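Below is one structure; the comments refer to it alone.
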Amino acid sequence: MEFNWSEIALNTAKELEEKIMPLFGTKKAGENVGTNVSGDVTKYVDKVAEDIILKRLVPLGVNVVSEEVGTVDSGSDYTVVVDPLDGSYNFSAGIPIFAFSLGIFKGKKPVYGAIYEFLPENFYEAKPGKGAYLNGERIRVNEPEPGKEALSFYTRGRCLGLVKKVKRVRVLGAIAVELAYVARGSLDGVFDIRNYVRPTDVAAGVLLVREAGGIVTDERGREFEVKLSATEKTNIIAVANERLLNTILEAMKDEP
């Protein structure tokens with residue numbers, strides 16, 4: 001069976017938007033209602049969003065990997081790796097940086113990725129070999145001058161010397177959004193070395209960055225592979241070009 005993933009992704013995003021946006025910035029959104037399969041706290045808005053996702057995707061007969069419930073194995077060739085709401089803390093706190101992320105795999109190979117940024121309703125999508133798009137328009141990574149890069153950098157004390165080698169450092173609190181920003185050239189890189197990144201966070205964004213001309217690796221510079229798991233945690237480097245990748249890898253070698 002073939003699927004129109006673009007239509008499925010956008011329709012799902014629009015239903016999520018309709019159901020969860022009334023909760024934006026409310027105390028109700030941030031209420032703790034349990035723990036997910038990784039042992040992290042599940043917020044009320046996460047539960048609402050995931051219920052919508054499962055209602056839409058499970059009847060398609062595909063496998064689903066989601067942050068809260070874990071893996072729903074339907075025995076399909078297709079696996080949907082999804083984060084219904086990346087940036088749920090931002091959402092609950094009234095910070096307008098959060099997104100729906102959906103990556104499609106046939107076997108272990110990515111075949112489609114979409115990120116829907118609820119505010120301001122930006123729809124990013126990519127297919128292998130077909131490029132990356134924002135609201136239907138082709139996007140490409142930026143080509144920053146050396147030393148003038150803008151980088152999103154997540155750390156717990158490691159590699160702090162990197163801050164001196166780039167011009168701007170940002171931490172937006174929603175890595176799906178940040179990967180989309182790298183793909184469209186608004187950021188030059190995202191670097192997270194907290195051993196905290198889940199496949200559900202980045203399944204769509206990794207494809208988006210690569211199709212926009214960027215590079216995505218692990219912390220050793222090896223090609224980043226999205227695992228079809230809800231519990232795996234890892235590190236990631238996503239950058240606009242090889243020069244910035246080398247700057248980051250050298251900074252990691254220099255750390256005490």
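We count from 1, first residue shown onward.
From the backbone N, Cα and C atoms, a Cβ is placed for every residue, glycine too.
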Of the residues Glu67, Glu68, only one is listed by Swiss-Prot in the Mg(2+) 1 site with Asp83, Leu85. Which is it?
Glu67
Which candidate from Asp201, Asp218, Asp254 does Swiss-Prot annotate alongside Asp83, Asp86 at the Mg(2+) 2 binding site?
Asp201
So if I measure Cβ to Cβ from Asp86 (Mg(2+) 2 binding site) and keep only same-chain residues at least 6 apart in sequence, which ones fall under 8 Å?
Phe98, Ala99, Phe100, Ser101, Ala174, Ile175, Ala176, Val177, Thr200, Asp201
Calculate the distance in Å between the alpha carbons (Cα) of Glu67 (Mg(2+) 1 binding site) and Ser88 (substrate binding site), and round it to a whole number.
12
Where's the emptiest Cβ shell within 10 Å among the binding-site residues Glu67, Asp83, Asp201?
Asp201
Using a 10 Å radius on the Cβ of Ile175 (substrate binding site), the other Cβ atoms enclosed count 25
Taking 10 A as the limit, how many CB atoms besides its own sit near the CB of Arg194 (substrate binding site)?
13
For each of the binding-site residues (Leu85, Ser88, Arg170), count the other CB atoms lying within 10 A of its CB, then report the residue with the highest count.
Leu85
